[in-house]
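Down below is the structure, laid out as structure tokens.
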Amino acid sequence: MEIKRSTEELENNHVMPISGSNGIVHNMEFMSQAYLRNQYSSEIDIHEEFVSSYPHEDAPLPIFLKFEDVEYKVRNIQASLKTMVSKVVTHTSQDPDGYKHILKGITGSTGPGEILALMGPSGSGKTTLLKIMGGRLTDNVKGKLTYNDIPYSPSVKRRIGFVTQDDVLLPQLTVEETLAFAAFLRLPSNMSKEQKYAKVEMIIKELGLERCRHTRVGGGFVKGISGGERKRTSIAYEILVDPSLLLLDEPTSGLDSTSATKLLHILQGVAKAGRTVITTIHQPSSRMFHMFDKLLLISEGHPAYYGKAREAMEYFSSLRILPEIAMNPAEFLLDLATGQVSDISLPEELLATKPPNLILRTYKTDLEPKEKEENHRNRKAPEHLQIAIQVKKDWTLSWWDQFMIIFRRTFRERRRDYFDMLRLVQSLGVAVVLGLLWWKSKTDTEAHLRDQVGLMFYICIFWTSSSLFGAVYVFPFEKIYLVKERKADMYRLSVYYVCSTLCDMVAHVLYPTFFMIIVYFMAGFSRTVPCFVFTVLTILLIAITSQGAGEFLGASVLSIKRAGMIASLVLMMFLLTGGYYVQHIPKFMQWLKYVSFMHYGFRLLLKVQYTGDQVFDCGSKGGCRTLQSSSSFDTVNLNGGLEELWVLLGMAFGYRLCTYFCLRKKISICHL
């Protein structure tokens, strides 16, 4: 690197007394000599190794991440309400901004070949800082964050791998299928299918996933692989595409000590390949603690220590802060961060001061200025790396190629739902029951005609509700997977949505067809080929339109609870205005039937099944009458054409168009 301060200059600085804000004077010669003298020179040697090896065909782009005075705050609704009440009662302005401050001036840096551990007690802000580094949080963030001295931009997004604490993997796919589909979608198009498969095989072997490669990932109510295997699969999913910056949120949570250590050995290998690795960690074992290259200790949003992990104990020893008993270094540091110092020896002048406050002030006066001077002010990333980080990666595949891969993946993920035996029994069972209840129904009298029209309306209700509720939960359930993959720019949103709606149409076409074949002939509907075909097509159109409406309602809220409630209200409203229960709706409420696809579907079903000049009730005193004269068709012109067909087609397309734009807006503002 360009900047390399001489040993003599550093040594001269070491003997300078520095006074903290608490009035305590520290002699820098008493401080850890290894920590202060070698901290930067060794880093420069390591970094230059990766800088000189880029560009290389197989080497990831080196990323030097710097973060300076990073602050983050969130809206505190409870505090805002208290402030409003306080202003009204006392005319004072307590907590005027109404925000809760999560991060309070975090500074540090890391580069390729290093593992930076973010450590601190629960609620200290570790995950928040990690999300800010990954570009997942951008609102209400202050401070400076650069990648090769370039601020975050969309070009950086595809160079970052993010492993969340809760593994976000499709549960119905096997480990091998999960990695294979990721490889086909994200690896460069100039790689052949065989090369992509070879890359998957290599990753599976490196991360020890051979035993579970053909096992479903599982999760939730789906039985699958173990927690450690799922965590390794999540890491494999990200490193498969050679990210330059790998971020991991609590990767060892839920794992035993041996599994956690193995996982960290894997991360060391990932870092040595030229990647920058940053992970949050809660309380690692002693062995794991010494495997980290750098450590950032956070206490209540404040930085308490930043530097080499191995030299953290030496640093606090120089401040005469020592454990009184044999203690895990991570446990010692967490006790300091939380103020639990019952087993820690403190100098007399510190006993009257709350330990975290003292440590924070010492860090601000001793360590932070040196970090800013050495790594932020003087050291700059090479110009060719600054240029390379600004080059946005194009899509690795065309729209059609992405469609073919996502369609196969979506179908494999949902095929168990499509061909569920319970669903099949439900559809066929209801069809048989309806066929028996309306066995060989006729239209020779007004009462018989009304019965058959009632069957028509029930069929509309059944497939409207089945399709609506079958689609309304799709996007709320898959929100976390979609958000994760879209944040990584894995595919185009339009590709995902088209694949999702087309795959789901399999069930919305297959089951209604079987259903109508049974009901139609058992119930004695018109025995002509055109009438049968048009009736089945009308039911399918109703189901597909209902599917689009369900997708739109689900995408508009992306909440399982709210989506179900809204769908129930909409279904009830459309059912009442469908044209069977209430034919003569008051004028001020008639607008409801014009937005009801059940209204148009029911009218179209009557038109394709009956004709206006067809006669019935010939045995009555008045003689034969035409069907159009029946009270069941007061509001329907049986010979009036098929304009309802075009309305339903327009609704089916319009609902899906609205769904796409709702998804686009909602997913862009969602965070994991």
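Cβ from N, Cα, C; glycine included.
If you check TrEMBL, you get these features:
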DOMAIN    65-325  domain 'ABC transporter'
TRANSMEM  418-439  transmembrane segment
TRANSMEM  455-475  transmembrane segment
TRANSMEM  495-521  transmembrane segment
TRANSMEM  527-544  transmembrane segment
TRANSMEM  565-582  transmembrane segment
TRANSMEM  645-663  transmembrane segment
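Looking at 455-475, 495-521, 565-582, 645-663, the range that has the most CB pairs within less than 8 A of the transmembrane segment (418-439) turns out to be 495-521. The highest tally of CB pairs under 8 A with the transmembrane segment (565-582), across 455-475, 495-521, 645-663, is held by 455-475. Beyond the ends of the transmembrane segment (527-544), by six or more residues, the same chain brings 459-460, 463-464, 466-467, 505, 508-509, 512-513, 515-517, 520, 597-598, 601, 604-605, 608-609, 645, 648-649, 652 to within a C-beta distance below 8 angstroms of the stretch.
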